[in-house]
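Novice: One structure follows; several queries about it will come next.
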Amino acid sequence: MLIEIPNVFSKQEVSHLREQLDARRWIDGNQTSGAMATTRKRNQQLDKDDPVAVALGQQIMDRLLAHPQFVSAALPLQFYPPLFNRYQGGETFGYHIDNAIRSTPDGMIRTDLSATLFLSEPENYQGGELVIQDTYGQQSIKLSAGSLVLYPSSSLHQVTPVLSGERTAAFMWLQSMVRDEGQRRLLFQLDQSIQSLTAQTAAEQELFNLSGVYHNLLRRWSEL
């Protein structure tokens, strides 16, 4: 399941984020690469321990955990703290699958979901599409600044070469309370239907029944 979430951050907020990011020292992006990815990856990143990157990453996590659509789709249990990357001058990251397990200060997490928060407007760079191969075929993603795409970490994906301009983004992984992608999809669809019916002031008893089904499925499928 691939979910696009628009306007997680406003244009003004993105501009403020970029001012802080652009002033930092960027390093070789292979810091977070697995052994097989190093030959395919050419980009720049902020060091994961950079204090500005850490603070902005926390701001992003706080925003996402307060976003109903993100929480509904991801059912987040634990984040790998957001990182920041930049592509320019032909830089690219060829097809790869993200590492299944990552180490955090609090221990190991299983990467169920990957997310990219775009911090450059699409008209400001040529190329740089996030191309994802999933069960529905190939999808090419290039969202407006402040918008986010969420997709299974098991997906084969790439960032195409940035031929002109600059593509800056935040990227992150997370472990979901529900490991199985198909089960997460069903729960998301059910939750979105419940929210839609609630907005339409549907019959109270039916909403209680549907909500009970949702929570009983979540209870059955979740791993904490």
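Cβ from N, Cα, C; glycine included.
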Novice: Considering the Fe cation binding residues HIS96, ASP98 given in Swiss-Prot, which of HIS67, HIS157 is annotated for that site as well?
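Specialist: Candidate listed by Swiss-Prot for the same site: HIS157.
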Novice: If you draw a 10 Å sphere on the Cβ of HIS157 (Fe cation binding site), how many other Cβ atoms land inside?
Specialist: 23
Novice: Roughly how many Å lie between the Cα atoms of ASP98 (Fe cation binding site) and ARG167 (2-oxoglutarate binding site), rounded to a whole value?
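Specialist: That comes out at 20 Å between the alpha carbons.
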Novice: Would you find the one among the binding-site residues HIS96, ARG167 whose Cβ has the most company, meaning other Cβ atoms within 10 Å?
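Specialist: Selected residue: ARG167.
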Novice: Over the domain 'Fe2OG dioxygenase' (78-176), work out the mean pLDDT and round it to an integer.
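Specialist: Its mean pLDDT is 97.
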Novice: Can you give me the Cα-Cα distance between HIS157 (Fe cation binding site) and ARG167 (2-oxoglutarate binding site) in Å, rounded to a whole number?
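Specialist: Taking the Cα atoms only, HIS157 (Fe cation binding site) lies 17 Å from ARG167 (2-oxoglutarate binding site).
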Novice: Quick one: pull the CA-CA distance for HIS96 (Fe cation binding site) versus ARG167 (2-oxoglutarate binding site), whole Å only.
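Specialist: Cα-Cα, rounded: 19 Å.
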